[in-house]
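A.B. asks: Below you will find the structure I want to go over with you.
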Amino acid sequence: MAMRGFTLFSILVLSLCASSIRSEETETKEFVLTLDHTNFTDTINKHDFIVVEFYAPWCGHCKQLAPEYEKAASALSSNVPPVVLAKIDASEETNREFATQYEVQGFPTIKIFRNGGKAVQEYNGPREAEGIVTYLKKQSGPASAEIKSADDASEVVSDKKVVVVGIFPKLSGSEFDSFMAIAEKLRSELDFAHTSDAKLLPRGESSVTGPVVRLFKPFDEQFVDSKDFDGEALEKFVKESSIPLITVFDKDPNNHPYVIKFFESTNTKAMLFINFTGEGAESLKSKYREVATSNKGQGLSFLLGDAENSQGAFQYFGLEESQVPLIIIQTADDKKYLKTNVEVDQIESWVKDFKDGKIAPHKKSQPIPAENNEPVKVVVSDSLDDIVLNSGKNVLLEFYAPWCGHCQKLAPILDEVAVSYQSDSSVVIAKLDATANDFPKDTFDVKGFPTIYFKSASGNVVVYEGDRTKEDFISFVDKNKDTVGEPKKEEETTEEVKDEL
């Protein structure tokens, strides 16, 4: 999934984070290490295994996580060997370089650092203390557990989770090394085990001696084997086989891990949203499964969403419940294709038309305001060309989110800047709600809010990296603006800035 400031993935899974009430502060020992720019690198370098939470003091989910994280740190401090939990305020100016370095896209983000920081993995576990402890005990142990007995097998392989088991005639050699490398790489996502006796496993051919990889799963065909131990091929097999043919998004928490994997995939994503209890639901599901089956292995992943539980997706795509049943396809470059009020006999042909390039992209946009008389002009997707890109004017454009605290603080400052340019018709100060409007990602790289760009009258587009004061904005605009009609300046390039994650 392409990295964006607040992605559909973020919107869908925020509600899955465990909630808790912050306990009153006491003077008891704190087990979570506090890091900053002065000790972050040294601390990471000296630990073989350390977990770091990137947080912001104003973040509600960070506040909910804090007491659970502290409880887990206390429990894990007595583990053998101890597991160290740490935190860093990544919103602090002097610490932001670490958020950028480790691609932190939102708060809280938890990373697992191994071997002095040489290997870094996402934390994909629970957000409550007991779950954190269980997950990290496993993560700090071997990447793959050896199955030596039937009891070992029953403990590792269950009917409720995906487990990847390598079967080898001997626990050495290139195939075994390749398997262990993938286990280490994907250990935060999946459970891995290995054995030299296939008879101990609950499903599949018991006479095989290997080398073979058998992936057990609680859906579709229950297990699948592969004998390709090429690194890339093995990783692809594991990732693709560990996701259902159709990922279901509903209230069932057992489906949530697969929803996360679905949106993390780089595949083109087809999503059908229906009322699960509505008339014709079973016919729609049946036809959708037929289409998914016929497109298996062609770079197209399928999700079936219950409209009642998909408000986050509807908000992200700008959809209405009146459009259900609907199917929307999102490509890797974030283009979207929409078919509303779809009927059973239209699903297959519409997907084929999409693959054949016959469907026009869908663009999410708020309505163009009937009146736009405030000093800071409102821009939506449908007016972006007229007000900004093709306006022939110098435009300072803020990309914001309604929930963003820094954006709210910036609003009156931009109002003052706009008022100061009211007598200069060549300058426009504008804003665009980036959560409700599509915009060209190749022109505007928005990974946090607020992000501010300046488009000169001659067409140069640069990101604003200065301080957020009236005087600094005015100085920047005056320095970079063109006199309307003057020759186009040579394009400048600037490094990407991420103000708020």
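First residue shown is number 1, and so on along the chain.
Quick reminder: no glycine exception, Cβ is built from N, Cα and C everywhere.
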A.B. asks: To which of the residue ranges 306-309, 442-445, 498-501 does Swiss-Prot assign the term motif 'Prevents secretion from ER'?
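C.D. replies: Per Swiss-Prot, the stretch marked motif 'Prevents secretion from ER' is 498-501.
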A.B. asks: For the disulfide involving Cys62, grab the partner from Cys17, Cys59 as Swiss-Prot records it.
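C.D. replies: Its disulfide partner, as Swiss-Prot records it, is Cys59.
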A.B. asks: Between the Cα atoms of Cys62 (disulfide bond) and Arg127 (site 'Lowers pKa of C-terminal Cys of first active site'), what distance do you get, rounded to the nearest Å?
C.D. replies: 10
A.B. asks: When you measure from the Cβ of Asn275 (N-linked glycosylation site), which residues in the chain that are at least 6 apart have a Cβ under 8 Å away?
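C.D. replies: Sequence-distant Cβ neighbours: Ala281, Asp306, Ala307, Glu308, Val324, Pro325.
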A.B. asks: Provide, as an integer number of angstrom, the distance between the C-alpha atoms of His406 (site 'Contributes to redox potential value') and Arg468 (site 'Lowers pKa of C-terminal Cys of second active site').
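C.D. replies: Distance between the two Cα atoms comes out at 10 Å.
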A.B. asks: What does the structure give for the C-alpha distance between Gly405 (site 'Contributes to redox potential value') and Arg468 (site 'Lowers pKa of C-terminal Cys of second active site')? Integer Å is fine.
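C.D. replies: Cα-Cα distance, Gly405 (site 'Contributes to redox potential value') to Arg468 (site 'Lowers pKa of C-terminal Cys of second active site'): 14 Å.
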A.B. asks: According to DSSP, does Cys59 (active site, nucleophile) fall in a helix, a strand, or coil?
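C.D. replies: DSSP call for Cys59 (active site, nucleophile): coil, neither helix nor strand.
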A.B. asks: Would you mind reading off the Cα separation of Arg468 (site 'Lowers pKa of C-terminal Cys of second active site') from Cys407 (disulfide bond), to the nearest angstrom?
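C.D. replies: Their Cα atoms are separated by 11 Å.
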